[in-house]
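Contents: one structure, followed by commentary.
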């Protein structure tokens with residue numbers, strides 16, 4: 001360390017000695033000075049690094065050489081490479097598949113690569129971006145047999161090579177490189193687009209290989225150094241060429257009437273340089289080739305006249321439509337029927353035009369109806385047990401008319417009361433108790449078809465069914481007796497004669513019922529009136545709605561008339577009321593509060609026994 005610090009002082013000390021020696025030997029010539037300076041330079045050169053660094057600072061040439069050597073070593077050692085790890089990280093960055101074979105696109109542009117390598121695992125690539133790198137050679141693409149697009153623009157390529165594995169390549173971009181000759185492209189059978197702009201193409205021989213590219217449709221040769229007009233012969237031999245770009249080449253100035261000539265010679269061309277080749281341009285160019293500028297001018301005038309005629313025809317058609325619309329509007333304002341257009345009437349009459357649509361609509365309607373019936377048959381096929389279903393449906397239809405007339409009351413009534421009401425109405429029409437039992441059995445069979453026993457058990461169940469009907473008939477007859485006395489005023493006068501004419505089998509039951517009523521008439525009268533008043537009203541309504549024997553208004557009038565008759569005959573009833581309390585029960589149940597008031601008045605007029613009055617007080621004030 002100490003010698004390194006002392007070295008600058010020694011150098012500083014030696015400098016004045018050199019100057020003094022030079023001053024002392026001032027008389028000596030310049031040759032002596034040069035020799036001394038050279039000797040000092042030679043003494044500085046040595047194995048030590050410090051002497052080498054001082055030498056680099058003194059000589060600029062040696063400094064540049066040293067820097068260039070370091071730069072080459074850095075580029076060889078530290079330059080970006082297409083390693084597998086780098087490619088995997090890149091796939092993660094671009095949200096691609098980590099499995100290499102699953103990726104169809106790989107973005108490797110603007111990375112500074114100088115070689116194409118480590119792409120063997122990426123066998124499913126369809127598009128490979130390698131633009132803006134330092135690639136000097138096309139190589140290592142043997143595994144990319146499915147590649148369609150290869151972008152190698154803005155690189156350091158000098159030659160087209162190693163493209164044989166890319167049999168499905170469709171687009172190749174080699175712009176902005178240093179390629180001097182188009183070659184090795186005939187091995188690409190489906191190549192459609194080739195971009196060779198900004199390269200070093202000069203002569204016809206440089207593009208002669210394009211004759212072998214039979215499927216090439218898009219060719220970009222702009223901004224090269226092509227100057228020979230004979231390149232058109234090469235371009236003519238390309239049967240599928242549609243798009244051509246020769247801008248920026250000297251040949252565009254060397255070919256007279258460049259656009260017309262190229263358009264005429266390339267028959268399939270649709271786009272030249274910066275704009276398309278329209279049919280009008282092609283027709284004018286062909287006319288120019290036939291007869292010069294005069295023929296071209298005439299052809300152009302014809303095209304312009306045709307275009308003008310198309311425009312005028314369209315405007316006239318619009319004006320005609322507007323005029324016809326105004327005429328129709330005027331006719332409608334005047335109340336006249338607008339006449340059809342003359343053109344339409346001459347070609348086809350409106351009736352003939354309207355008939356086919358009407359026929360078609362009718363056919364469509366018929367087809368729709370048939371299809372709807374077929375769908376109905378498929379969805380609702382006829383079943384073997386149709387009779388049973390019909391019975392149930394008839395039963396429901398008989399029950400449905402009761403609903404709209406008595407919605408408020410049907411919410412409080414049960415299904416059993418409805419069935420009993422139907423049976424009671426049938427009994428009050430003048431039929432016997434046997435008929436009522438038969439009707440009850442029929443309704444039960446209709447409503448409970450699913451509950452019927454099997455055919456094997458029918459014989460053993462006959463007696464039990466008869467017993468059940470007898471047992472079930474008893475509460476129905478009780479309800480009939482209670483409701484018929486309350487509901488039907490016409491039957492109030494003669495319930496017992498009907499019972500006398502009944503068969504002997506049922507007289508016992510009915511006599512027992514009425515015997516109970518006679519024994520406990522005073523005790524049961526008030527509860528029956530409270531219970532049977534709403535049922536009596538419902539029975540009257542159901543009788544008027546179901547059987548429609550008498551309309552509601554005449555029925556009310558008859559009730560009022562009966563009430564008036566009873567009021568007129570009330571003075572003769574008090575004696576009977578004291579003797580028999582059953583006669584007061586139908587009056588109270590039929591007329592409600594009004595009947596109760598009349599019964600009370602009759603009781604006051606008749607002056608019944610004290611025992612009867614006490615019982616009335618006990619049971620009447622609940």
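Residue numbering: from 1, along the chain as shown.
Yeah, the Cβs are placed from backbone N, Cα and C, and that goes for glycine too.
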| query | Which residue range, 481-503, 504-526, is the one Swiss-Prot calls region 'Disordered'? | reply | 481-503
| query | According to Swiss-Prot, which stretch among 291-325, 326-360, 361-395 corresponds to the feature region 'Disordered'? | reply | 326-360
| query | What residues in the same chain, six or more past the boundaries of the repeat 'LRR 6' (215-236), come closer than 8 Å to it by Cβ-Cβ distance? | reply | 175, 189-204, 206-208, 242-251, 254-255, 261-262, 265-266, 273
| said: What residues elsewhere in the chain lie close to the repeat 'LRR 3' (146-167), defined as a C-beta under 8 angstroms and at least 6 residues from its ends? | reply: 109, 114, 123-139, 173-185, 187-190, 195
| message | Same chain only, please: residues at least 6 beyond the ends of the repeat 'LRR 1' (101-123) with a C-beta under 8 Å from a C-beta of the stretch. Say none if there are none. | response | 79-84, 87, 90-91, 94, 129-146, 151, 156
| field | Composition by DSSP (helix, strand, coil) of residues within the repeat 'LRR 2' (124-145) | value | 0 helix, 3 strand, 19 coil
